[in-house]
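Feature annotations, courtesy of TrEMBL:
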DOMAIN    6-117  domain 'Tetrahydrofolate dehydrogenase/cyclohydrolase catalytic'
DOMAIN    136-276  domain 'Tetrahydrofolate dehydrogenase/cyclohydrolase NAD(P)-binding'
BINDING   G162, R163, S164, I228  NADP(+) binding site
REGION    277-303  region 'Disordered'
Amino acid sequence: MSATIIDGKAVAQTLRHRVAQEVAALDRRPGLATILVGEDPASAIYVSNKRKLCVEAGMRDRHRLLSAQVSQAEVEDVIDELNLDPEVDGILLQLPLPKHLDAPSLIERIDPDKDVDGLTETNAGRLALGRPGLRPCTPSGVIQLLDSAAVHLEGAHAVVVGRSDLVGRPQAQLLLARDATVTVCHRHTRDLASHTRDADIVVAAAGVPKLIGAEHIKPGATVIDVGIHRTEGGLCGDVDFDAVAGIAGHITPVPGGVGPMTIATLLRNTLTAANLHNSSHRETRTNGSGPARDGVAVTAGQP
Ligand SMILES: NC(=O)C1=CN([C@@H]2O[C@H](COP(=O)(O)OP(=O)(O)OC[C@H]3O[C@@H](n4cnc5c(N)ncnc54)[C@H](OP(=O)(O)O)[C@@H]3O)[C@@H](O)[C@H]2O)C=CC1
Ligand SMILES: Nc1nc(=O)c2c([nH]1)NC[C@@H]1CN(c3ccc(C(=O)N[C@@H](CCC(=O)O)C(=O)O)cc3)C=[N+]21
């Protein structure tokens, strides 16, 4: 094995520690609300991890567990209530939702300034236009991992495998915002390996176990594995780690790579949202002009 392993667990811990320090200095504790519909065991584990780390960072934890049979209107009511709750700064609607629910319209119902997943049309639009806003946690965490390993992004050829709303598409936009030359691959891509083999950076987010093998990677390239699969042999990603680690320059493991960064970034986004709410509250008190609605105080190029 020649690749340097990017330790997502360690980078995530550093970020969570930084968030906790900032939270401790605030007058008001930021609050994160998680909504879980149904009993999918993997989703339940993710949400409980998010809640545990939220409390560890000194934030307020709100949780709504809804039955798998809940109606669209009932979920809408929960979102409306959390949108109005001044103690809630961030709302996370865990995906996927049961098939009878209309996920896009529920996501769209979340107040964009509480949308810590960065999935509303407003925040997706802000990202597409390079404006400040809340960014999706996983792709934003990937950028932070690349930065932690001092991987050069400007002018690099980055190939993103996948174009989902949650990962691939925002990942491509974040890399573009950092001046990478970006190729996006998907199910209709002909000859995937011909694209990835040319890449300085490959971000694998296809949801296919061990899709990316040695034949897909240029020697010395950076390989980021977003995929997570539970198999009989334990967790694995979209990358065949053992095969690729012999060729890549940098590689993220599964577990211990992107996953922990997703949660740490969720906490950072909740802090960002709280700072926004605190400053708009102050403005309301001082000049009575109402809450600032012009976006979130982070710079456009940041993850
Ligand atoms: N570590 C973490 O924090 C997170 C991990 N994940 C994991 O990441 C993976 C991707 O998640 P998500 O984006 O939500 O998944 P989706 O299923 O929503 O999207 C998968 C994307 O990959 C593309 N794709 C599928 N098969 C291939 C293929 N053979 N070649 C090229 N492209 C392909 C699809 O193309 P098309 O659009 O044409 O259908 C689609 O755009 C999953 O394993 C998921 O569990 C997800 C979120 C967070
Ligand atoms: N609205 C929404 N936002 C999400 O961000 C979201 C979602 N829905 N639905 C599901 C995916 C998946 N996801 C993960 C989060 C943490 C780990 C994680 O911490 N993984 C650990 C391992 C944990 C384990 O043992 O499974 C690791 O990779 O080291 C993985 C995956 C967030 N997602």
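Heads up, the Cβ atoms here are built off N, Cα and C, so glycines get one too.
Structure with TrEMBL features highlighted.
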| residue | record | contacts (Cβ under 8 Å, 6+ apart) |
| --- | --- | --- |
| G162 | NADP(+) binding site | G168, Q171, C185, H186, V203, A204, A205, A206, G207, V226 |
| R163 | NADP(+) binding site | R169, A172, V184, H186 |
| S164 | NADP(+) binding site | A205 |
| I228 | NADP(+) binding site | L235, G237, V254, P255, G259 |
In sequence order, those binding-site residues of G162, R163, S164 whose CB lies under 6 Å from ligand 2: none
DSSP-derived structure type at I228 (NADP(+) binding site), helix or strand or else coil: coil
Structural state census, the domain 'Tetrahydrofolate dehydrogenase/cyclohydrolase catalytic' (6-117) (DSSP three-state): 56 helix, 18 strand, 38 coil
Summary of DSSP states over the domain 'Tetrahydrofolate dehydrogenase/cyclohydrolase NAD(P)-binding' (136-276), given as helix, strand and coil counts: 53 helix, 28 strand, 60 coil
